[in-house]
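Participant: For reference, the structure I am asking about is given below.
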Amino acid sequence: MKRNGFWYGGECYPEQWDEDTFKRDLRWMREANMNIATIGVFCWAIVQKDESTYDFSFLDRALEILEHEGFYVCLATPTAAPPLWMVRKYPEILSVDVNEHRRKPGGRANFCPNSEKYREFSVKIAEKLAERYKDYRPLVLWHVNNEYSNYCYCETCERKFREWLKNKYASLDELNKKWYSDFWSQRIYDWEEISLPTMRNLLLFRKDRLQSINPAIYQDYRRFMNESLLECFELEYQALKKYTPNVPVTTNLMATFKPLDYFLWAKKMDVISWDSYPDYGEDHARVSLRCALMRGVARGKPVVLMEQSPSQAIWKWYNHQKSASALKLHTFQTIAHGAEAALYFQIRQSKGGCERFHGAVITHANTNGTRVFEAVKCIGEDLKKLEDRVLNTRVDAQVAVLFDWESWWALEDSPGPNIDFSYLQEVEKYYRALLRMGVGVDVIGVEEDFSKYKAIFAPTLFMVSDEIGRDIRSYVESGGIFVATTMSGVVDENNLAWIGGYLASMNDVFGVRVEEFDAFPLSEERTVLFLGKKYLVKLIEGLVRVEKAFVMGTYSDGLYANEPCITFNQYGEGFAYYVAACASQELCNDFVRYIVERHGIETSFSGPVDGVEVVRRRSEDSRMYLFVMNFDSKRKQVLLKEGKWRDLMSGRTFFDSLVLEPHGVLILEKVDI
């Protein structure tokens, strides 16, 4: 990316304000140490009033002012919200919901991704923008659309889905086999017999979860929709590259957003940008997981925090204000995990519309003297102190946590075994346990090179293909430490159950065979005995038949009393661990601590510390940095390793230990003694 230091700024909407206000906003942004502005995100109806009439005069003037004021520009394509004239003339552009009702005009993210008219118009506006501004010097990034999210269930999507299936399976015999269509007499004899899964046929709500009575169809529909939306991005990407081949292109992702597999999206993006809106008081480890996931999705590409609120988020139920310390913590948490830019939505609070109470750098008070503005300004000052040090460093991680959208979909999108079991919560528990031990953690997909890591944790890797199974086998055989947890290796890539015991084809690697699962409601608790101590487990228990593994923990009660629950097995040069139950956080913590200590996994501090996150980064010339963040309301002592450290913001020096103030942040550089 073309930059000089961190990008720091946010989204501006000059179309909503007079020119004098916009100019004043830019001066205040400069005062807040900002250097980049995003514009154009929702201006389609302004720049195109009918099929053939384009008027870019407002953008021309806004970009002229931005260049005069010395700002970098992230220019958006406005395709997230089609104009009213467009959807009135071509109603097929509007998406159809899961109840088979076509949406009415209004709002955003309301388009059918397979609408030919939508694609035609979106490509054309992208081309017009790229052609017009190809020589605009401050342009450093294209921002396509906004927060892609919308599935569609219209007739066009149904027709396209059939074509997608023909390409995937080639024959109906193969499709019937992979979809297990003879169950409930659902054999398909003609491609036209295939319908989209909707509430009128294959879908049902159970609690707050949408599930399918045919898991294979819904899995393929998710894959199809993921690819359909990605195709929309790719079409605009190609239109922009036609005129601006050297300007990187991104779209803003939403971290742990279930409908879209971002590992697939990241392959098509030049820069990985994402939006972070932590809930008030949200567990810091959950937010950290999202940061690490976006870094993992990027696989070495630049990462940009495209949106965060400096204060409130309007679509939360309760619009809590964010303290200055919380804003600083969340900003530096994303920087610690690799973000090279921090931008806000929005710069000026809008007078009307849905998000008029959403937080902004410049509030309705219309002054640069507010509490929020001062907090934003201070962060900008801190970023300037860091940019020549921590930019171009990388997170130092010996351990990885596997994250798999396909497993998430397959597990939760069909009935059984437990409606309350959450894939995301299972991943969070083990990530949290690693974090409190000071372990450097990457969050990776199943296509990543496993050999880079000393240990890999795979919480509920529900879907395991033959290929993934071979990768795990090879990794362990070569000396890796692999941890799988309950409900792992249950189905193959077609969402069909493995026969011969769960854990797929990896039974010999783990030295166990999982025979069955027992499920029980949240109100029930059961216990396991692990290394002489009792711990709670909930929701799911697996019945394990040991073939050659060693038993580390057993069930204390319930249907499986005295049966194995936690095992380990040496396979080749490595070790494979299995946790058969949905463990409590306490059990996860102590189990992870055992793994870390037994196998000598490197940590950034001594002993577990709750409420503190430490991220270690290393430069190409081996300079080392620590981001030390206290998310607790109490002081925390952290016992550092490796000697002498200097805080880049205050200049203070620390030997071996430090005390973090409540909600405090330190960015430390290793100093030679």
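Cβ atoms here come from the backbone N, Cα and C positions, even for glycine.
Relevant sequence annotations retrieved from TrEMBL are reproduced here:
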DOMAIN    13-386  domain 'Glycoside hydrolase family 42 N-terminal'
BINDING   ARG108, ASN146, TRP315  substrate binding site
ACT_SITE  GLU147  active site, proton donor
ACT_SITE  GLU307  active site, nucleophile
DOMAIN    397-601  domain 'Beta-galactosidase trimerisation'
DOMAIN    611-670  domain 'Beta-galactosidase C-terminal'
Participant: How would DSSP class GLU307 (active site, nucleophile) in three states?
Facilitator: strand
Participant: Other than ARG108, ASN146, TRP315, which residues of the chain come within 8 Å of the substrate site, judged by Cβ distance to the Cβ centroid of those residues?
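Facilitator: Not counting the recorded site residues, we get ALA80, ALA109, GLU147.
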Participant: Rounded to the nearest angstrom, how far is the Cα of TRP315 (substrate binding site) from the Cα of the residue listed as 'active site, proton donor'?
Facilitator: 15
Participant: Counting all other Cβ atoms within 10 Å across every protein chain shown, which of the active-site residues GLU147, GLU307 scores highest?
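Facilitator: When each Cβ's neighbours within 10 Å are tallied, GLU307 leads.
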Participant: Would you work out the biggest C-alpha to C-alpha distance among ARG108, ASN146, TRP315, the residues that bind substrate according to the record, and give it in angstrom as a whole number?
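Facilitator: Spelled out: the longest distance between any two Cα atoms in ARG108, ASN146, TRP315 is 16 Å.
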Participant: Which residue, of the binding-site residues ARG108, ASN146, TRP315, has its CB surrounded by the fewest other CB atoms within 10 A?
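Facilitator: Each of the binding-site residues ARG108, ASN146, TRP315 was scored by Cβ atoms within 10 Å; lowest is TRP315.
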Participant: Using C-alpha atoms only, work out the spacing between ASN146 (substrate binding site) and GLU307 (active site, nucleophile) and round it to an integer in Å.
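Facilitator: Cα of ASN146 (substrate binding site) to Cα of GLU307 (active site, nucleophile) measures 11 Å after rounding.
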Participant: So, by DSSP, how many helix, strand and coil residues make up the domain 'Beta-galactosidase C-terminal' (611-670)?
Facilitator: 0 helix, 40 strand, 20 coil
Participant: About how far apart, in whole Å, are the alpha carbons (Cα) of TRP315 (substrate binding site) and GLU307 (active site, nucleophile)?
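Facilitator: Per the Cα atoms, TRP315 (substrate binding site) and GLU307 (active site, nucleophile) stand 14 Å apart.
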Participant: How big is the gap, in Å, between the Cα of ARG108 (substrate binding site) and that of GLU307 (active site, nucleophile), rounded to a whole number?
Facilitator: 17
Participant: Pop the mean pLDDT for the domain 'Beta-galactosidase C-terminal' (611-670) in here, whole number is fine.
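Facilitator: Within the domain 'Beta-galactosidase C-terminal' (611-670), the model's average pLDDT equals 93.
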